[in-house]
């Protein structure tokens, strides 16, 4: 049986459910697929299937993630849901599954809880741009004023972390009631689900495609072709490149070299244009083989700068995950793998009151590399020591 072809007719958007444990994230995910399956726009994925999420590896870390897909009249959605709190943190930090918008699920019976706050903070730090709130379990609260109070608290919380708390769509409903409702899409219990989908279609803008962003390609390999010059190879991370385009070579020092790409090749054939996702070789004008190396990036002029010092949110692997067995303190010097660069760095700052970082923690830290590399906010990286991954991080602020 041939695999179904992915027909790209509708715009594609990545979303996910976030929020405190047992507030109904997976039930809501199941409810969405059930409702849309009745309209022929999804396959129903029951709760127990979502809850036993398969394992994935991202940057050397094992994460349990469920991916479901569904369509509305307007769009195609890929939706992620993680069963465990630690899985969310790992997913957000590694960027295993990135989100164009998140659905924050808050139980009306509890209101915002510690993990609600933690997920919102992380979403902000990893730049999940849009947030929609689903107040769940409203059938279990008799007094509507209590639900109003929960809504106020959630809007407040979002504002504290830089989301537009006053404008965020808030939908009230019961995910369980929708899952248990009869198979008639017009049934009352599905109304909040349709409201949520409308909010997603209208409030979360269509994301800018990677190919429309400024060109960037991490350099994986360098070789010289006699009589032609120096070729650098790698996978184009974003944007597009064609012969004649000016680029900058960035990283490993503060000096930025300008050059022109004179040819773009894929499988030894010349291309008119390379785009995001392509593995290509770029022939560089007037650059010797020893003037460029793995770990640098080729980028559109002015689009990214080399930096040594930055703040990052880092998840430190537990011993059971193959990480360190002992804590570390300020002054710890592991290797940082940033795109194709492998560079030693030092932990120069930890939050106030944090003396040591234990395996299993996630913590904001300040890092200083021994030489500058191309870095920007939202950049993911791995932390390694002695050939094994001991952590994963995301840049939250560039300092110098």
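Keep in mind that glycine also has a Cβ here, set from the backbone N, Cα and C atoms.
Swiss-Prot tags one of the stretches 11-18, 19-26, 27-34 as region 'G1', and that stretch is 19-26. You'll find the Cα of residue 26 (Mg(2+) binding site) roughly 10 Å from the Cα of residue 19 (GTP binding site). Across all of the region 'G1' (19-26), the predicted model scores a mean pLDDT of 93. Its Cβ placed at the centre, residue 22 (GTP binding site) has 14 other Cβ atoms within 10 Å. Taking Cβ pairs closer than 8 Å, the region 'G3' (81-84) reaches residues 16-17, 25-26, 29, 50-53, 63-66, 68, 91 in its own chain, all 6 or more past its ends. With respect to Cβ neighbours within 10 Å, the binding-site residues 26, 138 differ, and 138 shows the lowest count.
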